[in-house]
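Input: a single structure, listed below in structure tokens.
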Amino acid sequence: MEKVEETKIPNATAKRIPLYYRYLKTLEESNVERIKSKDFSQLIQVPSATIRRDFSHFGELGRSGYGYDVSYLIQVFSHILNTKVEKRIALIGTGNLGKALIKNNFRRNENLNIVSAFDSDPELIGTKINNIEIRDLADLAEIVKKEGITTAISTVPSKYSQAAVDGIVEAGITAILNFAPGRVKVPDKVKIQYIDLTTELQTLIYFDENFTSNHQFNFATQ
């Protein structure tokens, strides 16, 4: 693959890259070799102007009248997302949500892998979910270093979230996905994202109740 232009991209564009990559892989599986922005727009429900603007950050990825070569775009976005390198993930909290995440374990993403799970409940420590042993949360730092873990997912309840995140940070992890809605304090070097299912559902219901039936609000464009 030829060198991709290295530029600082907007956060909104960065958030859409995994979406583009996933759908491009789906197109490849369906033997689609090239696609135009308007057709890709209909598939992923992102405006074609947004797609073209996002793609422009990475150089000349397509040609007018021809569209985009699917396999080349996959190479470009695979390089950007570094999908050839395994991302070893620790899961903190093995309640119902944690168990569901372990059982799914990012099956459609070849490089994302939950390799360890942690809990503080003595009845859970030592048991296994999908062949992943639940370890003592007190051993997090040691195992993170030993197993080369770089990312953590926290599913602990909100009232324990800050303590859990503090432990994750102390273990040396700088990328955290947090399912507790309350914001927590982390050092500047740590990147944290929140998944708040209640807020997402309330937002969806608001738009359902306040916009006409043919209105479509796509969060991927925001």
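Glycine residues also receive a Cβ, built from the backbone N, Cα and C atoms like all the rest.
Keep in mind that this is a model prediction, so the values were computed, not measured.
Record features, source TrEMBL:
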type	residues	note
DNA_BIND	19-58	DNA-binding region
BINDING	G93, T94, G95, N96, L97, G98	NAD(+) binding site
DOMAIN	82-183	domain 'CoA-binding'
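Annotated features taken from TrEMBL, shown on the structure.
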residue: G93; record: NAD(+) binding site; contacts (Cβ under 8 Å, 6+ apart): F118, D119, S154, T155, V156, P157, A164
residue: T94; record: NAD(+) binding site; contacts (Cβ under 8 Å, 6+ apart): I102, A117, F118, D119, D121, L124, I129, I134, T155
residue: G95; record: NAD(+) binding site; contacts (Cβ under 8 Å, 6+ apart): T155
residue: N96; record: NAD(+) binding site; contacts (Cβ under 8 Å, 6+ apart): none
residue: L97; record: NAD(+) binding site; contacts (Cβ under 8 Å, 6+ apart): T155, F179
residue: G98; record: NAD(+) binding site; contacts (Cβ under 8 Å, 6+ apart): L91, I92, A117, D119, T155
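Note on the DNA-binding region (19-58): its mean pLDDT in the predicted model is 94.
The record gives G93, T94, G95, N96, L97, G98 for NAD(+). Within 8 Å of the mean position of their Cβ atoms, the other Cβ atoms in that chain belong to K99, A100, L101, T155, V156. Residue counts for the domain 'CoA-binding' (82-183) under DSSP (helix as H, G, I; strand as E, B; rest coil) come to 33 helix, 29 strand, 40 coil. Mapped onto DSSP classes, the DNA-binding region (19-58) shows 28 helix, 2 strand, 10 coil.
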